[in-house]
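Visitor: Handing you this structure, nothing more for now.
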Amino acid sequence: RDLLLSQLCFLASVALLLWSLSSLREQKELDLMDLIGEDRKWMVGRKLMQVNDTLTSEDAGLRSSKNCTEPALHEFPRDIFSNEDRRQGAVVLHVLCAMYMFYALAIVCDDFFVPSLEKICERLHLSEDVAGATFMAAGSSAPELFTSVIGVFITKGDVGVGTIVGSAVFNILCIIGVCGLFAGQVVALSSWCLLRDSIYYTLSVVALIVFIYDEKVSWWESLVLVLMYLIYIIIMKYNACIHQCFERRTKGAGNMVNGLANNAEIDDSSNCDATVVLLKKANFHRKASVIMVDELLSAYPHQLSFSEAGLRIMITSHFPPKTRLSMASRMLINERQRLINSRAYTNGESEVAIKIPIKHTVENGTGPSSAPDRGVNGTRRDDIVAEADNETENENEDENNENDEEEDEDDDEGPYTPFDPPSGKLETVKWAFTWPLSFVLYFTVPNCNKPHWEKWFMVTFASSTLWIAAFSYMMVWMVTIIGYTLGIPDVIMGITFLAAGTSVPDCMASLIVARQGMGDMAVSNSIGSNVFDILIGLGLPWALQTLAVDYGSYIRLNSRGLIYSVGLLLASVFVTVFGVHLNKWQLDKKLGCGCLFLYGVFLCFSIMTEFNVFTFVNLPMCGD
């Protein structure tokens with residue numbers, strides 16, 4: 001914590017120094033412009049000044065009489081290609097540059113920005129729910145946030161709002177559709193996570209519709225959006241308590257999760273044990289030699305100790321796959337040791353032990369064994385325990401070796417290094433394609449995943465934030481040029497091209513998670529990130545503009561068609577939840593095809609609305 005505070009102070013002092021230098025430079029430029037203006041007044045005659053004033057007023061009248069929307073292209077630096085050159089084919093270079101910026105944003109966010117946020121959460125001792133609702137949401141939605149900031153403070157148009165709305169619909173319909181279509185299995189979904197995020201997300205979209213209905217946003221409306229996200233963080237803080245209340249109301253107080261109280265007789269017994277299997281090769285072939293562990297534990301519930309309950313919790317989908325695998329291995333070892341330490345065994349050739357202490361019976365109908373020191377086929381109990389201990393030690397060594405190998409593989413994963421080309425043709429092509437990006441990031445952003453750079457996570461956070469801002473600026477600039485060249489409004493480019501480009505990495509990550517059977521995580525992440533996009537991605541830049549930069553001002557929306565797009569966004573939430581409910585809370589190909597079809601309908605309707613097909617909502621873009 002002390003290291004975190006010191007690094008924060010260092011970054012604050014650097015930011016203050018840069019701000020002071022920038023203010024001093026702007027003041028000098030203003031003084032220089034005043035001197036140049038005074039010299040021109042002395043040099044130019046009064047008649048010429050009157051002519052200039054007349055021209056200025058006429059030009060202002062012409063500008064006010066224009067029945068078109070000023071393009072956002074003029075807010076960026078001048079392009080090296082003319083509009084005619086771009087129409088002749090130079091726009092392809094801008095498309096390639098925009099796609100490269102999409103890839104660069106994905107690399108910076110996944111390999112540098114998110115790991116630094118994880119380190120910050122560890123130092124601040126934040127719970128998993130709060131960290132996921134704050135820092136992790138900011139990490140996955142950083143491109144959309146910076147695009148919105150650029151849309152408010154630079155382009156002063158609707159590209160930021162269009163990107164947020166388009167990305168939100170993409171996250172709900174397209175990501176769920178792709179996961180259902182290509183997951184390769186039917187994934188079960190739980191109702192709690194989906195309903196929790198969907199309900200609050202619906203409230204957020206309703207608030208957005210109310211605030212942008214008059215095509216302007218005031219300071220208090222933007223502040224309400226930010227405060228709604230603070231309430232969402234509080235809800236995530238007490239998510240476990242709210243979930244328990246939800247479970248009690250839906251399933252009743254008698255049904256507990258994970259089989260902790262499924263059998264009252266076993267809970268009341270002081271000498272209780274479970275039926276377990278010895279994970280060795282059985283001598284018979286009619287039945288499977290190994291029973292599934294989760295089926296076995298659910299079929300024969302027993303009173304859990306503290307360590308056993310902890311292991312059961314840590315094999316759920318709330319933990320990383322590596323942790324779940326390690327805890328599942330420990331559960332198998334514990335069950336095996338308990339079998340060997342049990343007091344009765346069958347005297348058959350099979351090594352499956354079945355014992356229910358409450359009834360004091362065994363499989364062949366006899367009572368408990370009178371010779372507790374003897375095991376299966378007369379083998380001494382001490383010998384069995386010694387053999388089990390040796391096998392347990394060997395399994396522990398194998399598990400440690402596997403964990404070491406996994407850690408080595410994790411260390412190898414990460415961004416490409418510019419001076420270490422990988423093996424393989426495909427990997428070499430990827431390395432050559434990303435070489436300029438990896439070269440720049442290698443010398444400017446420390447990789448806090450490496451042990452020797454772990455203490456520099458705040459520097460990683462600051463430098464990666466600057467690179468995300470720079471890449472987002474380049475991305476919006478290129479997309480604005482593409483839209484101006486092709487005659488496409490900025491809001492359509494935001495809903496389609498920018499939204500898909502910034503959300504494709506999240507789509508790929510959700511697909512990987514869904515293929516592992518964790519569809520809950522994929523769906524909840526896609527909907528939960530939309531809450532951050534709406535409330536912080538739009539609310540925070542609007543609040544900064546109307547409260548800090550220009551107090552009391554309004555955020556003007558150029559396109560009246562955005563209200564229809566946001567209305568479709570609200571409808572997509574209802575349709576998705578209703579479709580999941582009709583599909584019996586399962587994510588499969590049928591649900592995936594339906595979501596992708598609805599996403600296509602949304603794109604068609606939004607594009608036709610912005611082009612004034614149904615009604616007049618948008619002025620045409622001004623030419624050169």
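All residue numbers here begin at 1 and follow the chain in the order shown.
Any Cβ shown, glycine's included, is placed from N, Cα and C.
Pulled the feature table from Swiss-Prot, pasting it below:
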type     : residues : note
SIGNAL   : 1-25     : signal peptide
TRANSMEM : 89-109   : transmembrane segment
TOPO_DOM : 110-133  : topological domain 'Cytoplasmic'
REPEAT   : 130-170  : repeat 'Alpha-1'
TRANSMEM : 134-154  : transmembrane segment
TRANSMEM : 164-184  : transmembrane segment
TOPO_DOM : 185-191  : topological domain 'Cytoplasmic'
TRANSMEM : 192-212  : transmembrane segment
TRANSMEM : 216-236  : transmembrane segment
TOPO_DOM : 237-465  : topological domain 'Cytoplasmic'
COMPBIAS : 386-414  : compositional bias 'Acidic residues'
TRANSMEM : 466-486  : transmembrane segment
TRANSMEM : 492-512  : transmembrane segment
REPEAT   : 499-530  : repeat 'Alpha-2'
TOPO_DOM : 513-530  : topological domain 'Cytoplasmic'
TRANSMEM : 531-551  : transmembrane segment
TRANSMEM : 562-582  : transmembrane segment
TOPO_DOM : 583-596  : topological domain 'Cytoplasmic'
TRANSMEM : 597-617  : transmembrane segment
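I would like each feature placed in context: is it buried or exposed, what are its neighbours, and how far apart are things?
Guide: Tertiary proximity for the transmembrane segment (89-109) is limited to same-chain residues at least six positions away from its ends with a CB under 8 Å from its CB atoms, namely 81, 139-140, 142-143, 415, 434, 437, 441, 445, 464, 467-468, 471-472, 474-475, 478-479, 481-482, 485-486, 497, 501-502, 504-505.
Within the model, the topological domain 'Cytoplasmic' (110-133) shows a mean pLDDT value of 77, rounded to a whole number.
Same-chain neighbours of the transmembrane segment (134-154): 75-76, 105, 109, 113-114, 117-118, 120-121, 126, 160-161, 163-164, 167, 233, 465, 468-469, 471-473, 475-476, 494, 498, 502, 506, 525, 528-529, 531-533, 536-538, 540-542, 544-545, 549, 555, counting only residues six or more beyond its ends whose CB sits under 8 Å from a CB of the stretch.
Counting only same-chain residues 6+ beyond the ends of the transmembrane segment (164-184), those with a CB under 8 A from a CB of the stretch are 144, 147-148, 494-496, 498-500, 502-503, 506-507, 510-511, 514-515, 519, 522-523, 526-527, 529-530, 533-534, 537-538, 562, 565-566, 568-569, 572-573, 576, 587-596, 598-599, 602, 606.
Under 8 Å from some Cβ of the topological domain 'Cytoplasmic' (185-191) lie the Cβ atoms of residues 179, 250, 514-515, 517-520, 522-523, 580, 585-588, all in the same chain and six or more residues away from its ends.
Taking Cβ pairs closer than 8 Å, the transmembrane segment (192-212) reaches residues 161, 221-222, 224-225, 228, 232, 235, 239, 242-243, 246-247, 520, 523-524, 527-528, 530-531, 534-535, 538, 557, 562-563, 566-567, 569-570, 573-574, 576-577, 580 in its own chain, all 6 or more past its ends.
Using a Cβ-Cβ cut-off under 8 Å and counting only residues 6 or more beyond its ends in the same chain, the transmembrane segment (216-236) has close neighbours at 129-130, 132-134, 196, 200, 203-204, 207-208, 242, 531-532, 534-536, 538-540, 542-543, 545-547, 551-557.
Tertiary neighbourhood of the transmembrane segment (492-512): same-chain residues 98-99, 102, 105-106, 109-110, 140, 143-144, 147, 151, 158-167, 169-171, 174-175, 178-179, 182-183, 475-476, 479-480, 482-483, 522-523, 525-526, 529, 565, 603, 606-607, 610-611, selected by CB-CB distance under 8 Å and a gap of 6+ residues from either end.
In terms of DSSP helix, strand and coil, the repeat 'Alpha-2' (499-530) has 29 helix, 0 strand, 3 coil.
If one looks beyond the topological domain 'Cytoplasmic' (513-530) by at least 6 residues along the same chain, the residues whose Cβ comes under 8 Å of a Cβ in the stretch are 132-133, 137, 140-141, 167-168, 171-172, 175-176, 179-180, 182-185, 187-190, 193-194, 197-198, 201, 204, 317, 321, 506, 587.
Long-range neighbours of the transmembrane segment (531-551) within the same chain, counting only residues 6 or more positions beyond its ends whose Cβ lies under 8 Å from a Cβ of the stretch, are 133, 137-138, 141, 144-145, 148-149, 151-153, 160-161, 164, 167-168, 197, 200-201, 204-205, 208, 217-219, 221-226, 228-229, 232.
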Visitor: Six or more residues out from either end of the transmembrane segment (466-486), which same-chain residues have a Cβ under 8 Å from its Cβ atoms?
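Guide: Result: 71-73, 76-77, 79, 83, 86-87, 91, 94-95, 97-98, 101-102, 104-105, 108-109, 112-113, 142-143, 146-147, 149-151, 154-155, 159, 441, 444-445, 492-494, 497-498, 501, 621.
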Visitor: Determine which residues of the chain contact the transmembrane segment (562-582) at the Cβ level, with the cut-off under 8 Å and only residues 6 or more beyond its ends counted.
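Guide: 158, 161-162, 165-166, 168-169, 172-173, 176, 189, 194-195, 198, 201-202, 205-206, 208-209, 212-213, 491, 495, 591, 594-595, 598, 602, 605-606, 609, 617.
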Visitor: Using a Cβ cut-off of under 8 Å, list the residues of the same chain at least 6 residues beyond the topological domain 'Cytoplasmic' (583-596) that approach it.
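Guide: Tertiary neighbours of the topological domain 'Cytoplasmic' (583-596) are 172-174, 176-183, 186-191, 514, 519, 523, 576.
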Visitor: Using DSSP, what's the helix, strand and coil tally for the topological domain 'Cytoplasmic' (185-191)?
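Guide: Secondary-structure composition of the topological domain 'Cytoplasmic' (185-191): 1 helix, 2 strand, 4 coil.
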Visitor: Using DSSP, break the topological domain 'Cytoplasmic' (583-596) down into helix, strand and coil residues and give each count.
Guide: 8 helix, 2 strand, 4 coil
